[in-house]
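According to Swiss-Prot, the feature Zn(2+) 1 binding site maps to 168, 171, 193, 198, an assignment based on sequence analysis. Among the features that Swiss-Prot reports, coiled coil is placed at 273-340, with the record citing sequence analysis. Residues or ranges marked as compositional bias 'Basic and acidic residues' by Swiss-Prot: 537-547. Here Swiss-Prot flags 440-535 as domain 'Fibronectin type-III'. Per Swiss-Prot, the feature domain 'B30.2/SPRY' maps to 613-794; the stated evidence is sequence analysis. According to Swiss-Prot, the region 'Disordered' annotation covers 535-557. Annotation comment: Swiss-Prot describes 10-50, 163-212, 224-266 as zinc finger, evidence class sequence analysis.
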C-alpha cells in the first residue's frame, strides 16, 4: 500500500487529494488547488471574442488557447507551467510541490464561503501542472469538471488503514491537523480556519461541529454522493457515450451535444472496463513477478561477482609471485585491471538493481491503486478514470518489455593469465580473453546479393561459412568514416543483417565484419566498399558476385528509368520530373512551367525559354542532369514515429489520433550540405500549435518538438510563432498559419544554421546557429492538424536566387536574415 501513496497526492500541494476534480487530460487536482492556479484571461484574448458567442468550450477543446501569451512580449507563449511571466502587479509564489501558483485576479470571496464554492473570475484559464495543457473555463467554472468520487473513496480507505491524522481542508499552505468537522458542510477545519471560514453566528450557528474522528466515522457510514452530470447538475449519469468516452445523462442524449452519438448502458460499460483493467493488471502482475525474481537474480550476481573476484585475485597473485622481480612490476598493473573490471561489473549490476527497484516500486504502486479502484462500486466514477488507468497499465507493461529483465553484466571474469612467456617477453605480459581451449568462430562471409545502399543508408548482410562447427555468440560490424579514416564499431549483436543510417551522401565507405564467442574473435571478413547515393530517387543495387580480392565494390547504378521525385534537397532540386525517362516533362520553377526536351543519354536537358531570374536574359541552355539531380528525397518514417501518428498519401501526409503532441521524423538524415523542404497545412482546427524543424533520431516522440535537447523547432499557432530548443522559447514573431499555409525549413549545414519560412517569407531571424551533426526532418502535431510534405516538387523561397552556367546548376545562396 505504501507504493500507492504517490498516486493519491495532489501535484500542486503535495498532500492527499481533497475534493479532487478530473481535468480533460485525465489528471486530478484538489478543487482548492485548482482555484489557486487559475489565471484570468483578458477579454480580448478569450475564445468568445474570436468566435461567435454561445459556442462554448468543450471538455476536449483545451488546445483552443492563445498559449498564455498575455503578460509580456518576451513571453514564450507555450502553456508550460511555471514557464510564463506574470504581470508586475501580479506576484506569484510556488507551492510545496514546486508548481507556480497565481493569486486570483478577483477580490477574495466572502469569509462565509469556502474557496471551492467561490465564484470563478470570467475567462479564467487553468493549466494542468502535470501535462501542461491549458483550458479556458466556461461559465460553469470549476463546477464544469467532474468530481473524482472513486479517488476520494480510495484515499479514505488508505488513510483509515494508516490511521493518519485528519488535515484541515481549507489551509492555503501546508494543511494543519483538523480539530473539528462540520456535519452539514462536510468539511474538516483547524482552529484558525474554523474561526475565519465557519464563525458560530448567523446560519452557521446551527451547524453541528464534531471531533474529526467522529466525523470520519459518520462520513464513512453515510452513503457516497452519486456523480452527477457536469452539464445538468440535477441529473445522474444513466448512459455511456462511446464517442466521447464519458458517462452522460438522459438530457445530454435528448438536447445536448451527445444526441447523435452512440451510447451504451452504463452498467455494461462499467463491467467491460473493469474487465479490461483486470486483464491489463494480469499482464502487469506477471511483469512485476518477473521483476521481483530478476531482482533476486541480480542480488545473487553481486555475491557471485564478489566470490569470483576473490578467487580470481588469489590465482593472479599466486602466478605473479612465482615469477622473477620483473614480473612483480607487472603484477601491480594486472591487479589494477582486475579491480577496475570488478568495480565496473558491480557498478553496472548495482545501477540495474537501482533502476529495476524504482520501476518495480512504481509498478507495484500503480497495481495497488488500480486494485483499489476496481473495488469501487461507482460505475460513473470508475468510467471517468478507467481509460486513463488502462492506458497507464499497458504503458507500464510495455516498459517491462524485452531486454529490461536481462542482466547487463555477467558474473564471470573472462580473463586468464598466460605465464608461459620467457623473461624477455615480460613487458608484453597481459591478460588474454580466453578461459577455455575452444576455437574462435570462423570468418563471416558477406552476402553481396543482399547488400545494398539507399540514399544515405547502407544495408549489409553476412553469414557463417556453411561447414563451420564453431558457434558465434555475436558479430561486430565496423565502418570507416567515409574519408579513409580508422574503422569504428557500428553494430555489436547476434543479428546477421544491419542497416546503417545517417551516412554522408555521395561518399565511399569501407565495411567489414567479424564474429566472436567466449574464446575470442574471428579474423575480419573481406572489405566491402559502399557508395552512397548521389542522385534522387530510390535505387536498388545489382547482385554482386564474390571475388578472390580482398576488396569488393558495392555499386550504385543509375537506373534506366527514374521514379517521380517526391522530396528533394537542396534548393537546386527545384526540378520537377513527373514521367519516367526518356520523353518529355515539365520544369516547375517559381510556378512557371517550361517544356524540357530530355536527351536519351540522360546526361543533359534543354530548357528553352526558362528565366532563371538573371538580369534580363532568357536562357536556352544544356544543364548537367547528373549535377542537377544530386539531391535526396524522403517521406515520413512510420518505423520511428509515435504510435498515435496516422500516415496517408504514401507517407507524405500525417495527422494524429491524440489530443497530445506527437513527433514524426523523415526517413532521411542530413549531416552536410544545404537542404530545404516545405510542408503544407491541410487541416487546422481549434488553433493548435504544430511544430516544425529537425531532430536527432532519439528525440522524445510523446511531447512537442523542441521540448528536449534533441530537437530544434519552430512552433506556430494562428497568430504568432516561437523558436524552441531544450524547452527554451525565443524570438516570438507575429504571423501565424491557417489551412493551406506553407512552412519552409532551410537546414544549411555548411553555415551551420537553421531558418524557417511561412508562406515563402522568412519567419523571424535565423532560428538556430552552430547546428552540426546528423539531423532528421521532424514535425510534431495533434489530431487538430494535418500536414503534407510539398508534392510533387519543391519551390524556391522568396528571396532565394540561382546562378546558372552552361552545364551545371549551382546551389542557391541563402536569403538574407
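The backbone N, Cα and C atoms fix where each Cβ goes, glycine too.
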Reduced DSSP assignment, residue 193 (Zn(2+) 1 binding site): helix
Chain residues in Cβ proximity to the zinc finger (224-266) (below 8 Å; excluding those fewer than six residues from its ends, i.e. six or more beyond): 58-60, 140, 143-147, 149, 152-153, 378-381, 383-384, 387
Of 168, 171, 193 (the binding-site residues), the residue whose Cβ has the fewest other Cβ atoms within 10 Å: 171
Composition by DSSP (helix, strand, coil) of residues within the zinc finger (163-212): 13 helix, 10 strand, 27 coil
Check: same-chain CB within 8 A of Zn(2+) 1 site center, minus 168, 171, 193, 198: 169, 170, 176, 178, 187, 188, 189, 190, 192, 194, 196, 197
Tally of DSSP helical, extended and coil residues in the domain 'Fibronectin type-III' (440-535): 3 helix, 43 strand, 50 coil
Structural state census, the zinc finger (224-266) (DSSP three-state): 7 helix, 11 strand, 25 coil
